[in-house]
Each structure stands twice: as structure tokens, then as C-alpha cells.
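> For reference, the structure I am asking about is given below.
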Amino acid sequence: MFEWTSNTPALPSRPVIPPLAISLVVCICAQQWILTGLYGNSSIVVLAALSLVIISCALLPVVPLPPLPAAPIGMALLVGLISAGAFELACDQKASQLLDTPVSSLTFEISSDPSSFGDRWRSRAHAVKDGQTQADVWLVSSDQCSLGDRVQCVGQISPLKDDLLGRRDKAQGICGTVSVKHITRIDPPDGMLGELYLLRQNALAAIQPEKSDGRALLAGCACGYRIDLVANGIEDVLSKSGLVHLVAVSGGHLTTVAALLAMILEKTRFSGKIRLAVVLLATAIFTTFCGAPTSAVRAWVMTGSAMVAPLMGRRSHGLSAASFSGLTLCLIDPATSSDMGFQLSALSVAGLYIFSPYAEYVLAKLMPFQLNVSFLPQFIRFRFMRLTQGLLKQIAASVVAQLITMPITVLAFGTISAIGPFANALLGPAFSWFVSLGCISVALLWIPFIGELLLSICEFCASSILLFSFMLSSIPGACIAVGNYALPIIVCTLVMGLLLLVFWPAVSPFAVRSTCALLMLAMIGSRLVTGIIVGGRLVVLDVGQGDAILIQDGNHSVLVDTGPDDAVVQALARNHISGLDAVVITHLHDDHYGGLDELVGFVQVRCVYVGQGVSDNMPDEMRDALHQLGLSEVAELSDGDKLSIGQFELEVISPDGATDGLENEDSLVMKVQFVDSTSRLSALLCGDAEADVIDPLIQSGRIDTIDVLKLGHHGSEASVTEPMLACLQPELCVASAGEGNRYGHPAQATMEMVGASGAYGMCTMDTGDICIEPLSDGISVSCAVPYDGAAA
């Protein structure tokens, strides 16, 4: 029957890095140095140069590296700097001319699908006058426009802001923002390109991506249309499970389309050159049909380079083709180097070519034996071996792609998908088949019965894929927020990659398994140690314009409100929280419960509490979040109820009856006390309840003096009164508000009143997270950002 035989995989050869790859890296760095304004930050330049010198000095004496080709690298550096400088000057000139041009005299050709921009839609557009493109702009309108539409409107042009987002937009070739007041005319696209865009619009109208999640996934994979993926939260689910890259139209999609065409063309009598031309033309049409994302354009140029090279008598080399395509695009349009899709795509391809064989070798070392299936029939044995090898390659490729792109993804998103490699091994092949079926379905949508049948099959397949994706993303710890560790992670990733490439060591099975075991023990140990060394503390988290208060004592913790969005995930990561005993939602305002669904996959939540009577009025998105967290229902808290978290006790003192949770005065008001043998702490958490709710509680004796007052309603003018502060006598008053919020929170009059009472006044938008710890004779306060305030 089944037997185990020894498994001794061979160390793969060290990959050869072509000069084109080094030239591409140098060119991108040179362009980004100009376009992002790093040349004005001398400390960054000095630090980067010093790091390169130290690494070079450390490695060169140990390993004799071949001499780098100075001429092409120097040329790439020079051309990169010149092209980026010229591009920036051209953008400045275009922006200046654009501000002097009436909006009504321009026609805006929509060059991207719109994205949600608050309560409006934002699209990238070419500003055209007299048939000549003047500049690229963001077109912000309350009306949703389609890719290819030609829009005439009345509005206002504003320059880009001189901040991080503004510089990022400028680096991508955006010259300003047009705020549309009224659209006067929308014309459909014209010409051959217009016909292709109209075909896409008809396909999307037939798919109806807004109808179901499965159809939204089909539209994203086969048409590059992501609006409903984002609106329905599907993209977040795929991101947490590490599968979002399978949806983005890039090399994988082009490979699938090319393989389908090649299979069909093999049945014809066309020559190899004609088949090649048909494949290149068809994949170019598909790329344009999907909106020509930069990652797909890069993949098409790379595919074309690899296919054409043998016809020109040159050896096809994947990394050289990828480098050539990237270098070509960056030199034609320097804004390409600032496109995150291009960066991730190029890094992934390079990483797969360089490190995938080594990753497969290491994974094989983890398995000291392999199953001997020689007794099985040959065709079954062959397929079994193909399956196991395919799974190994899929996991290795996923790990490599995730690690190699980590310097970008960690900075951009602040998260790492821990379940990603397993999810890719499980669902990666299914996605490939789904993309094939989806492309065939879109091509045949015009046939009445067949088109509808294929669409229904695709919807079923997509729903099945999403079901498994949702299950994987809901596993606690499926996605890890990096918190304050982004920079160390990036540095370690880069250094380890460089060391691996230089030394390319053979490894023993014992070393690999021991390293994995040590890493697992370190992760488990860090959680245990954190629970032991962290004493009682109350942390007002910086989550922007919203509330989120962490109460922790050792391994026990509760979160009061979750803020408006995913900022709470990073805030919890900064404070090393991976599990919560409970989440308390004070009332049903989005800035207090909006981040609940973001906890899915990051943090295990055991229970969610709301006020008495509130559960019947919970919005659908909150119910969906509960379901994703694995909770069937919420628990209700009423006046007098108490929660114990370690040495902390939380007592509800308002409201005194059932409410619908929709108004500020419906907020759960909780008295917090911490008492042990050596320290104490008392606090009042008000939610959005203001002085008109708190004053009667003081008068009735429900609460007296406290150490900390969490100001109600983000420190609004009505949150406190002088008599209220005189009775409570807090040492510290804390407001949570977002910088530049439109409400003016915290109110200046409130903070002045706090200071006049003799208390310290703080706000999270100035100090970041505010951590309050109990002492025997008072409280200890520490901030993420140094605070120079003083008691008045």
C-alpha cells in the first residue's frame, strides 16, 4: 500500500540578474527621487546612500560579485533623472495653463472607471481643448460617468494640495481637480477605441454587477470593472485572504487569454508568425477592453517581448522581458513608475523569476519524505504527482510574491495576509479556470440562450469562490496589522532578500524546520509575554473623527466603540491586541460602530454589547459584521449592568431605559474603575452624551469625582459645563477627533473651560493614542506624539 520514500531536493542554481533589471531599478529610483520630492529631503538621501555603502562594504569582501555593467546603469540613472525632471516641468506648465482655462471650454475624456469619493464620484480624465489634450485631471462629480465618456460641464478647477496625496497625484501626471457643478453634455466615445468601450459598457449592462457579489466578481475579472467589488466589500474580503491580486487584470489574465487563443489557433493551418500576431492583437484588445491598467500594459509588453525574441534569434528570458517592458513604459511615461499597480506587478514578476525556485526548494526540505504511489496506475500516478507539484509551486509563488511586494503593501495598507499562501494554493487554480470561463462568457453574451447560461454558471462559480474566500478571511489572525513595525519589516525584508541572493545557501531539513518552529514560538511567546507584562491601562485610540477606547488588564481587554473605519485595526495593532473579550457599541452612529466589520480577520471578538432596545435597530452593515465575526446576536446592557475586565469594572449609568440608539443622548455612559492593592483609576466614558445627560447623573449621586473624563461628542461645545467639571474634578479630559474635521471638534470653548478648571486637556488629533495607567497616588499619562500642554 502507501509507503514513504526519502526526499532530497537539489539546490537550484543562483539566478542571473540581467543588466536590464538593474537598469530598471535604477531608473525607477531616479524617477521617484524627482517625482516624489525626495531630493528635497537630505536626511532620506543621506540615510539611503549610507545604507547602500554599509551593505556593499559588508558583502563585497565576503562574496566576490561580478562587476556591474556601469554604462547601462549610468545611462538608466541619467535618463531616469532627465525624463522625470522634464515630466515634472511639463506637469507644472500644464497645471498653470489649466488654471487659466474656463472649465466650460474644455471637454473631459474619461480615462478610468470612477471611484467613490465621499458622496461623489471621481474619475481620471483628459482635459481636451480644440482636439488637443491639455492635461490630466481628477473629475469629481455627483453623476457617475463611464470609461470613454466625453463630458462637458460647468465647474471649478483647483490645484493639487501641497501634501502627501497631492505630491502622489502629481507624480502620476495629475495636474489638478475639477469639481463639477453641472454637466451640460455627455457624448459616447467615438472611433475604434470608442467602439471597444461601448462594447464593454454593453457587456457590463448584460452582466449587471450590482445584482450580486458573484456578478461583481465576474465583472472585475473579465472586464476590469471594480466599482461593485469595492462597494460590496468584496475587495476587502479578498485582500484579507490574500487573493485580491487574482482579480486585478495583469499577467495572469493575459496568460489565460493567450492560452485559450493558442489552443484554438492550434487547430488552424495558420503559420506560427500569424498565430503569434493574432495572440498579441487579441491580448492587446483585451487589455484595452479592461481599461488598460498599467499592470496589464506591462504584462502585455513583457509577453510580446518574450514571444518576439525567438523570432529575432534571441533567447527568451522572462526577467529580461519583464525588465525591458518596465523600462520601456517608464521612459515613455515617467508617471508609470509611480503607479502602485505597476510597482506591485513588476516586483511580483521579478521575485517569481529570482526566488521561486529557491522557495520551492525550501518547502520541499520541509517534507523529508514523499508518498510512494508507484503501485497506482500510470495515468493516476502522473496526475497525482502533477497535483502535488502544482500545489508546491502555488504555495511557493504566493509566499515569494507576498514577501517581495511587502515593502510596498505594508506602507500602503499596513497589513499582511497570513492566510494568503494557503488561500492561493486552495483557490488559485479555481480563479484561473473562472477567468477562462468568464472571458468566454463575456465573448458569447450576445448569443441569447448560451450567453445567459454561461452567465449563470459564472455567477455560481464566483459565489462559490467568494464563499471560501469569506470563510478564510473570517479566521481570526487571517490578516495581521503591522502597526508601528512597518519600517523594521521593510528593512528586514530588503536585507534578507539581498543576503539570500548573495549567499544562496543550501539548507538542511533540520535547519528549516527549526527556524519555522522558533518563529512560531516567538510569535506565541510575544503574545503571552505581552499579556503578562501589560498591566491595567485605558487607551483612547487615535482613529480620526470617531471614538474607540481600549480597556486592558493583562490578557483581558474590551473595546468601547470602533471608530468610523479601518483605522481601529492599526490602532489595536499598535497596542499589540489580537483578541478582545468584548466590544461595546455606545450608540448607532457610524463614527462609533463603522470599524466593527474591519475587525474581521484581524481580531477575535468574543461578544458585542449594545444598549437596551438597540439591537432591534441595528443597520444591515452592523448585522453583516456580526455574522462575519462569527456572532449570531448581540447582548444588551441596561442601567446598572457591570462588566469585569481583569481588575477593571465598567458600570452602565445611562440611559435608564430602552432606546433606539439613534441619538447622542442614547449613548451608553459608563463609569470605569480600576482598583488593586497598589493603584487605582476612575474614569467616565460618555460616548456622544453631552452635559445635559451627565449633569442629572451627578445630581443624583450616580457618579462623583473621577480621574479621567472622556469628553462626550468629541469635545463639542455642549459636552461640559463649569459646574459639571467642578463636581467631577477630573485630572485629565480627553477628546477624540480627526484633524481638520468639519465640525470644529474639539470646541475651543470646551478646551478653554477644561483648562480653567485645572485639568489637563488633550485631543487624539494632537497626541495620537493616549494611554492612561493607574498609580497609587494618581495616574500616568503617555502619548504617541509628545504633548507640551500644561494645566491651566
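Cβ from N, Cα, C; glycine included.
Okay, so TrEMBL annotates it like this:
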| type | residues | note |
| --- | --- | --- |
| TRANSMEM | 20-39 | transmembrane segment |
| TRANSMEM | 44-63 | transmembrane segment |
| TRANSMEM | 69-90 | transmembrane segment |
| TRANSMEM | 243-264 | transmembrane segment |
| TRANSMEM | 276-297 | transmembrane segment |
| TRANSMEM | 395-419 | transmembrane segment |
| TRANSMEM | 425-446 | transmembrane segment |
| TRANSMEM | 453-473 | transmembrane segment |
| TRANSMEM | 485-504 | transmembrane segment |
| TRANSMEM | 516-540 | transmembrane segment |
| DOMAIN | 545-739 | domain 'Metallo-beta-lactamase' |
> When you scan the chain for residues with a C-beta under 8 Å from the transmembrane segment (453-473), skipping those not six or more beyond its ends, what do you find?
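For the transmembrane segment (453-473), the sequence-distant neighbours (Cβ-Cβ under 8 Å, at least 6 residues beyond its ends) are 206-207, 212-215, 217-218, 234, 237-238, 240-241, 243, 419, 422-423, 426-427, 430-431, 433-434, 437-438, 440-441, 444-445, 479, 600-601, 628.
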> Using a cut-off of under 8 Å between C-beta atoms, tell me which stretch among 69-90, 243-264, 395-419, 425-446 contacts the transmembrane segment (20-39) the most.
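Ranking 69-90, 243-264, 395-419, 425-446 by Cβ pairs under 8 Å to the transmembrane segment (20-39) puts 69-90 first.
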> Applying the under-8 angstroms CB criterion, which one of 69-90, 243-264, 395-419, 425-446 scores highest with the transmembrane segment (485-504)?
395-419
> Excluding the flanking five residues on each side, which residues at least 6 beyond the ends of the transmembrane segment (425-446) place their CB within less than 8 Å of a CB in that stretch?
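Result: 203, 206-207, 218, 221-223, 243, 246, 252-253, 256-257, 259-260, 286, 390-391, 394-395, 398, 454-455, 457-458, 461-462, 464-465, 468-469, 472.
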> Can you work out which residues elsewhere in the same chain, 6+ from the ends of the transmembrane segment (69-90), have a Cβ less than 8 Å from its Cβ atoms?
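Distant Cβ neighbours of the transmembrane segment (69-90) are 19-20, 22-24, 26-35, 170, 173, 327, 330-331, 333-335, 337.
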> Are there residues at least 6 beyond the ends of the transmembrane segment (395-419) whose Cβ is under 8 Å from a Cβ of it, and what are they?
239-242, 245, 340, 343-344, 347-348, 350-352, 355-356, 359-360, 363, 425, 428, 472-473, 475, 477-483, 486, 489-490, 493-494, 497, 569-570, 573, 601-602
